[in-house]
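Notes follow the structure.
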Amino acid sequence: MAISTTHAPAGGESPGPAPRTGGTGTERRRLGALLHKLDIKGAPYAFVAPFFVIFAAFSFYPLVYTSYISLNRVELATLDVMEWVAFDNYVELWGDERFWNALANTITIGIISTVPQLLMALGIAHLLNYRMRASLFFRVASLVPYATSVGAAALVFTMIFERDFGMVNWALGSIGLDPVNWEHDKWPAQIAISTIVIWRWTGYNALLYLAAMQAIPADRYEAASLDGASRWQQFIHVTVPGIRSTIVFTIVLSTIGATQLFGEPLIFGQGPNGITGGADNQYQTLGLLLYEEGWKNYQMGRAATVAWAMFLLLILVFVVQRLIKRLRSRTS
Amino acid sequence: MTTHSLPARTDTPARTDAGRPARPGPGRTRVPGRRLLRQRAGRQHHAGPLAYVLLGIMALLSIFPLYWTMVAASTDNTRVSQTPPPFLPGPNLFSNLARAWDEAAMGKAMINSFIVAGVIALSTVLFATLAGFAFAKLRFKGRNALLMLVIGTMMVPPQLGVVPLFMMMSELGWSQQLPAVIFPTLVSAVGVFFMRQYLSEALPDELVEAGRVDGAHSLRIFWSIVLPVARPAMAVLFMITFVHAWNDFFWPFVVLDMTNPTVPVALTQLSAGYVRDQSLIMAGALLGTLPLLAMFVVFGRQIVSGIMSGAVKG
């Protein structure tokens with residue numbers, strides 16, 4: 001409160017006009033103190049308000065409203081006409097083969113893309129952690145795929161995996177193997193799509209690991225090497241535990257990404273085949289199913305139901321992850 | 001003091017070079033025989049040839065698809081569709097780029113993407129710095145709870161609210177308009193958290209206190225004390241947000257159409273066309289990636305350290 005007399009110079013931008021005439025010194029001082037108090041109490045909320053207001057309006061509210069829409073029949077052409085159907089959409093979805101297919105595809109593509117991605121990222125981070133020349137080059141190079149949009153990356157890989165003239169089949173042929181029909185067959189298609197995901201995100205995850213590795217105190221390594229631990233043992237017993245929270249963080253991020261997978265399979269299918277995830281839905285993910293229901297079949301209520309199912313899947317994954325964590329900490 | 005580009009922990013390898021205390025043993029004295037230690041601590045190992053080879057392969061795999069995009073964009077449709085595939089650039093790069101710009105709507109898409117990504121990055125940086133400063137240095141009731149809320153929102157994928165969001169936009173009359181893409185992403189929880197982490201370390205409490213003693217109100221402190229300190233982190237956050245906004249796909253694909261696309265939306269149209277001109281498609285893909293690549297070439301160091309500094313406590 002001691003500063004109330006010196007408030008005036010800065011007052012030009014302060015909220016509320018300062019009384020210029022008629023006020024005695026004490027009044028002005030009192031007003032200054034009041035403004036100061038208001039500033040101290042109110043400014044923090046004003047500073048964080050924009051984030052929460054925009055988040056509430058464009059993220060939280062839609063998320064909650066999704067659950068209401070999923071209990072209605074709404075068509076794309078007439079968005080303001082809602083017909084209450086209670087849980088019909090959920091019952092239909094439960095009985096819909098395409099939903100279970102999309103769920104299974106989302107999980108398998110999620111595993112095929114996440115596990116190798118994070119393991120390779122761990123290895124790359126370990127290599128980047130050496131002292132070396134050109135380390136900046138390698139770090140930036142590992143991030144180049146991250147700078148490439150889903151669209152561009154998926155287009156290139158679609159061409160690389162092309163059946164007739166694609167580079168992968170050409171390479172297979174040159175070592176005497178039969179060409180693979182990457183788009184048409186289920187597992188090849190899922191592997192090709194996972195390759196796009198792996199390519200885009202491995203380097204990014206490697207840098208997250210590298211940052212965490214650099215924060216491990218050097219004396220832990222020294223203690224380990226005094227105990228006669230080999231480099232590999234040091235990696236397993238010092239490095240990996242040292243970056244465990246970052247590993248969990250990347251698993252969470254990749255899991256979220258995997259449940260939302262959309263652009264890669266869409267573009268890989270090249271047009272009409274993309275939305276259905278191939279002619280036999282062999283690589284249709286939940287994200288694609290959501291889009292198909294809403295914007296191809298014009299059933300927004302059912303699209304919202306798929307979205308809600310995706311959300312439940314995510315929660316389920318986190319619950320399982322929590323359980324595993326608790327079990328592990330209990331056993332150790 | 002705070003002029004270095006990012007928080008000090010990204011510099012750790014440099015300072016561990018020499019003169020380390022030997023080991024956390026008794027007395028912490030220098031042990032003359034420490035060179036006899038069979039191995040030095042993990043991160044101080046020099047890379048052997050194998051590490052260079054492996055990282056070389058990694059760099060090659062990272063860069064090759066983009067290189068090949070350029071190769072395919074520089075030949076013509078017949079050459080791309082032959083085996084063996086072309087590995088060296090052809091003569092048609094600029095004519096294909098020009099065709100992609102005009103015929104494939106990439107020109108309009110690029111301009112749209114610059115607007116969208118620029119506005120989103122600017123507003124994200126501004127609001128994230130404001131909120132990050134409040135969370136890092138100001139005391140207020142419910143601060144920790146609100147911060148936990150921010151972190152919690154990171155876990156919610158925006159894709160899940162896409163149906164109501166679409167309805168909202170058509171009610172507002174923003175369907176197929178850029179504001180529909182811009183408004184939902186004006187703020188980012190990751191950004192708020194990033195700026196909070198940076199300012200807790202880089203901005204000394206005394207500086208804020210001194211401002212208070214001089215009678216500056218909070219907005220003035222933000223303007224003349226926080227902003228100068230935060231500038232390096234703001235630059236990094238700007239670039240990272242720009243990359244994300246430029247590449248954002250699902251929501252723009254849902255709400256925009258081909259008359260007014262962003263780059264990723266326009267690229268899907270390229271691939272879905274009935275007459276498939278492969279080298280034109282690749283030219284479009286290259287065009288849409290060039291601005292970000294240019295940014296990475298110029299500011300690679302800052303972006304790398306930004307991603308790394310945001311990571312440790314994530």
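A Cβ is built for glycine as well, from the same backbone N, Cα and C atoms used for every other residue.
What TrEMBL lists as region 'Disordered' is A:1-25.
TrEMBL lists A:45-64 (among others) with the feature transmembrane segment.
Tertiary neighbourhood of the transmembrane segment (A:102-124): same-chain residues 142, 190-191, 193-194, 197-198, 201-206, 208-209, 240, 247, 250-251, 254-255, 258-259, 261, 265, 277, 281-289, 309, 313, selected by CB-CB distance under 8 Å and a gap of 6+ residues from either end. The transmembrane segment annotation in TrEMBL covers A:102-124 (among others).
Residues or ranges marked as domain 'ABC transmembrane type-1' by TrEMBL: A:103-324.
As annotated by TrEMBL, transmembrane segment applies to A:136-161 (among others). With a cut-off of 8 Å between Cβ atoms, the residues of this chain six or more beyond the transmembrane segment (A:136-161) that come close are 124, 128, 167-169, 182-183, 192, 195-196, 199-204, 206-207, 210, 263-264, 266-268, 270.
Among residues of the same chain six or more beyond the transmembrane segment (A:305-324), those with a C-beta under 8 A of the stretch's C-beta atoms are 63, 66-67, 70, 89-90, 93, 99, 103, 106, 251-252, 255-256, 259-260, 286-287, 289-290, 293. Taken from TrEMBL, the feature transmembrane segment covers A:305-324 (among others).
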Beyond the flanks of the transmembrane segment (A:45-64) by at least 6 residues, Cβ under 8 Å: 311
